[in-house]
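Peer 1: If you scroll down you'll find the structure; I have some questions about it.
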Amino acid sequence: MNPVKVGICGLGTVGGGTFNVLQRNAEEIARRAGRGIEVAQIAMRTPKPQFQTTGIAITNDVFEVATNPEIDIVIELVGGYTVARELVLKAIENGKHVVTANKALIAVHGNEIFAKAREKGVIVAFEAAVAGGIPVIKAIREGLSANRINWVAGIINGTGNFILTEMREKGRTFEDVLAEAQALGYAEADPTFDVEGIDAAHKLTILASIAFGIPLQFDKAYTEGITKLTTADVNYAEALGYRIKHLGVARSTANGIELRVHPTLIPADRLIANVNGVMNAVMVNGDASGSTLFYGAGAGMEPTASSVIADLVDVVRAMTSDPENRVPHLAFQPDSLSAHPILPIEACESSYYLRIQAKDHPGVLAQVASILSERGINIESIMQKEVEEHDGLVPMILLTHRVVEQRINDAIAALEALQGVVGPVVRIRVEHLN
Ligand SMILES: NC(=O)C1=CN([C@@H]2O[C@H](COP(=O)(O)OP(=O)(O)OC[C@H]3O[C@@H](n4cnc5c(N)ncnc54)[C@H](O)[C@@H]3O)[C@@H](O)[C@H]2O)C=CC1
Ligand SMILES: N[C@@H](CC=O)C(=O)O
Ligand code: NA
């Protein structure tokens, strides 16, 4: 059988990795797909002499790939929301299947893109968009399809986890580690997407959609990054038996779905608390399966290429199938998506770590305790440190039981108004992931 012809748009980190692995493992991949996969065209902005592209049509116009009648599958690896959206829609319009690693595109424009793809009977595959080399889309969409999924929680940004790990283990500075993550090709074109949690929120939006059968709703995700974390809190968390990880949490509750990304204390003995460096991990809790954990490289050239090519193989296998009989893009049949709302962060529930800077006066602890108890917030533990020499203040660290966020907000406002409390109260959410 003739090989399937594909076009790669964007020969950067992921495009380059995809090109290399497709060449290196061509035979293995063809044995799996049932046909060879031939790169017939590459769109790139600047020449890339490190790649052996003799015999391949080269263009600097991605739309040439989208309209090239020879090409069956367009691989979108340019990134961003603008050109990428036009490119993908153009490819679909021209009856081509699409493989993309672009979580921003899927999280923000996925509903539109999948609707167009259905109209045209083509597949848009996006395994590489979430957790790089971990086949977690496939695991949730196909492997766990028996379950009512209760929650998904994941370390889903490689750059952020790399930064937190290097800072904690080697005492390196934030800026220094971020620069290395950029040099290694882990970071987004705009690295604030990584460190402010936007990239993780894109990925969590996609995970929530395929886990709960809801439309993609990135605009409703609560997003908090790692830039405000302090070494003091990392160390106090450690002393209490926790690790701070940047976690995406999507939980289905009776009132709605929690969709939130933020630094999180996790008990240090949990497997996921020990996922370090560029590695990612996604826990999925299903009512039948119980908790499952998927682990692997969250970013990087070849791990991400692994997912792009797995999608290519899937598409090649499914190309001749009736579109009605394919795995739905968002796991659930498009006419069976649910309107269960996304909850605002104030309505989400978790445990909390609070750090209060108290004046060294008697009675502050009693006031703190009564503010919390008046609001029905149960304290799990309190750690009071020695007076700090530089400011004469006493750090007071509390862990609460689970409570709805609005009550913590009220409590923090009351705490900050106390005479004996100085400056803002630090709040970090805590998840036990049982
Ligand atoms: N780097 C990683 O580890 C991962 C990246 N991704 C996603 O993969 C996509 C690509 O990311 P990277 O490869 O890291 O980025 P990159 O910046 O290394 O590569 C993008 C390439 O596309 C080219 N490009 C951009 N616009 C173009 C245009 N209009 N015409 C032709 N070429 C164009 C750029 O010159 C560059 O070579 C992004 O959506 C990213 O979020 C997903 C998973 C992991
Ligand atoms: N910038 C992303 C790349 C993979 O999705 C990350 O660091 O996780
Ligand atoms: Na993946």
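Easy rule for this one: first residue shown is 1, then count along the chain.
Positions of Cβ are set from backbone N, Cα and C atoms, glycine also.
Relevant sequence annotations retrieved from TrEMBL are reproduced here:
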type	residues	note
ACT_SITE	Lys203	active site, proton donor
BINDING	Cys9, Gly10, Leu11, Gly12, Thr13, Val14, Gly15, Gly16	NADP(+) binding site
BINDING	Lys103	NADPH binding site
BINDING	Glu188	L-homoserine binding site
DOMAIN	353-429	domain 'ACT'
Peer 1: Measuring Cβ to any atom of ligand 2 with a strict under-6 Å cutoff, which of the binding-site residues Cys9, Val14, Glu188 qualify?
Peer 2: Glu188
Peer 1: How many neighbouring Cβ atoms, not counting its own, are there within 10 Å of the Cβ of Gly12 (NADP(+) binding site)?
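Peer 2: So the number of other Cβ atoms within 10 Å of Gly12 (NADP(+) binding site) is 16.
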Peer 1: What does DSSP give as the helix, strand and coil breakdown of the domain 'ACT' (353-429)?
Peer 2: 23 helix, 28 strand, 26 coil
Peer 1: Starting from the Cβ centroid of Cys9, Gly10, Leu11, Gly12, Thr13, Val14, Gly15, Gly16, which together make up the recorded NADP(+) site, report each further residue of the same chain whose Cβ lies within 8 Å of that point, ordered by sequence.
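Peer 2: Once Cys9, Gly10, Leu11, Gly12, Thr13, Val14, Gly15, Gly16 are set aside, the remaining close residues are Ile8, Gly17, Thr18, Phe19, Met44, Leu77, Val78.
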Peer 1: Across all the protein chains here, work out how many other Cβ atoms are within 10 Å of the Cβ of Thr13 (NADP(+) binding site).
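Peer 2: Excluding its own Cβ, Thr13 (NADP(+) binding site) sees 21 Cβ atoms within 10 Å.
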Peer 1: Please state whether DSSP places the residue listed as 'L-homoserine binding site' in a helix, a strand or coil.
Peer 2: coil
Peer 1: Can you check what DSSP calls Gly10 (NADP(+) binding site), collapsed to helix, strand or coil?
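Peer 2: The residue in question, Gly10 (NADP(+) binding site), is coil (DSSP, three-state).
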Peer 1: What whole-number Å value do you get for the CA-CA distance of Gly16 (NADP(+) binding site) and Lys103 (NADPH binding site)?
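Peer 2: Distance (Cα to Cα, whole Å): 18 Å.
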Peer 1: Filter the recorded positions Val14, Gly16, Lys203 down to those with CB closer than 6 A to an atom of ligand 1; keep them in sequence order.
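Peer 2: Result: Val14.
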Peer 1: Cβ neighbours within 10 Å, counted over all protein chains: which one of the binding-site residues Cys9, Leu11 has the most?
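Peer 2: Comparing the binding-site residues Cys9, Leu11, the most crowded Cβ belongs to Cys9.
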Peer 1: How many Å lie between the Cα of Thr13 (NADP(+) binding site) and the Cα of the residue listed as 'L-homoserine binding site'?
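Peer 2: It is 11 Å, counting Cα to Cα.
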Peer 1: Please compute the mean pLDDT of the model over the domain 'ACT' (353-429).
Peer 2: 96
Peer 1: Just name the most isolated of the binding-site residues Gly10, Gly15, Gly16, going by other Cβ atoms within 10 Å of its Cβ.
Peer 2: Gly16
Peer 1: Among the recorded positions Glu188, Lys203, which residue has the largest number of other Cβ atoms within 10 Å of its own Cβ?
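Peer 2: The residue with the densest Cβ neighbourhood is Lys203.
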